[in-house]
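Noted in Swiss-Prot for the protein shown:
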ACT_SITE  Cys239  active site, glycyl thioester intermediate
BINDING   Cys222, Cys225, Cys297, Cys300  Zn(2+) binding site
DISULFID  Cys316-Cys324  disulfide bond
MOD_RES   Cys412  cysteine persulfide
Amino acid sequence: MASREEVLALQAEVAQREEELNSLKQKLASALLAEQEPQPERLVPVSPLPPKAALSRDEILRYSRQLVLPELGVHGQLRLGTACVLIVGCGGLGCPLAQYLAAAGVGRLGLVDYDVVEMSNLARQVLHGEALAGQAKAFSAAASLRRLNSAVECVPYTQALTPATALDLVRRYDVVADCSDNVPTRYLVNDACVLAGRPLVSASALRFEGQITVYHYDGGPCYRCIFPQPPPAETVTNCADGGVLGVVTGVLGCLQALEVLKIAAGLGPSYSGSLLLFDALRGHFRSIRLRSRRLDCAACGERPTVTDLLDYEAFCGSSATDKCRSLQLLSPEERVSVTDYKRLLDSGAFHLLLDVRPQVEVDICRLPHALHIPLKHLERRDAESLKLLKEAIWEEKQGTQEGAAVPIYVICKLGNDSQKAVKILQSLSAAQELDPLTVRDVVGGLMAWAAKIDGTFPQY
């Protein structure tokens, strides 16, 4: 059995090694940061890539396994070497897409992403690493791709794609890949591709499912042909809200890379006019035919009305971001900050905290004093859940003055579902299915609690 002195010595050595490791990590981050910023950001590449007459000896060796494919051959590889591909979004889809395009020898990759690397990205965004957390995704991706294939020109764009810049940028590239995660950007990229005459390889992934198609190519429909009007903003779920398995984005990103390579090499796409659906849980792929190009399409029809790029956030009624949306369903009087709720909790005042997140999120983390009833149970007026809520209210009421209402505070992850729950509880109280209630939601939810109240509380 080790003596106390040996334990202390080992603890001291571990602390010293951890300090050395942290120092090495800082040096690595500095080195990677220096590598990824060799040039200032340019709005557009300065010149087209020159044509290539032949492959070098090194290129023949590097691409030998795909060169011997009769469908590709030397001619196809030469076309790849002069192709310029614009990738909108360097996240779960854009990372594997860019990785395989660089490996295949595509001449230039434009990398558009205004966001920075976060730890929550690393489970699926495989070009980024821990050492570059907080750095621009476009620069991080460019640095990784240069290490993979130094012959590929990588052009990072760290500003968000906007109606003022999109068309000029798209015109400088041969093929565009939409790897975004929001509806306004999808319409923006589609309209820019139609106006510039560029094919658009589009994919999306959510939870265990994904889909891919090619728009505006070889007489096929554009995005507006299929979706003339955007969906209601409150019906749209992104990866931050609904979650996604990293492997699913990897599969769809690889399929995007395949379509881009076939277009760039002159082989033609598989999914122009069709949509490939992927169900990861069942392991199924299914292809469905899309409607043909609409002659009355606002973008690509015979008499288009979209002749310039417009305000897509206003058109869609939502922000051009993949971040979680912040709903505003309640008045300020019906909401409290996490700081005010913490003050109430510390005072010992009688109240009930209702957590309306799904069970899978409660399994990740929770406040121990909260009653858990998922929002879906409230939406369908689940009898058992309402009984549980009534019992909890009654128990809390025993400590108050007779007849006093027990205030209910509703919390969720971000403060969106909690507002919906407040509305439901108010309607139940108005319909006398519950006793008269004072209900408020906690602004920002548990993520605000983690950021402002308890730094040890898990964020997800």
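Positions of Cβ are set from backbone N, Cα and C atoms, glycine also.
On the structure: features taken from Swiss-Prot.
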| residue | record | contacts (Cβ under 8 Å, 6+ apart) |
| --- | --- | --- |
| Cys222 | Zn(2+) binding site | Asn190, Cys193, Val194, Leu200, Tyr215, His216, Arg293, Cys297, Ala299, Cys300 |
| Cys225 | Zn(2+) binding site | Leu290, Arg291, Ser292, Arg293, Arg294, Cys297, Ala299, Cys300 |
| Cys239 | active site, glycyl thioester intermediate | Gly92, Asp181, Ala205, Leu206, Asp322 |
| Cys316 | disulfide bond | Val183, Pro184, Tyr187, Pro230, Ala233 |
| Cys412 | cysteine persulfide | Asp355, Val356, Arg357, Leu375, Ser418, Ala421, Gly445, Leu446 |
Cys239 (active site, glycyl thioester intermediate) - helix vs strand vs coil (DSSP): helix
Additional residues around Zn(2+), ordered along the sequence, whose Cβ is within 8 Å of the centroid of Cys222, Cys225, Cys297, Cys300: Val194, Tyr215, His216, Pro221, Tyr223, Arg224, Arg293, Arg294, Ala298, Ala299, Gly301
Protein Cβ atoms within 10 Å of Cys297 (Zn(2+) binding site), excluding its own: 21
Cys300 (Zn(2+) binding site): tally of other CB atoms within 10 A of its CB: 23
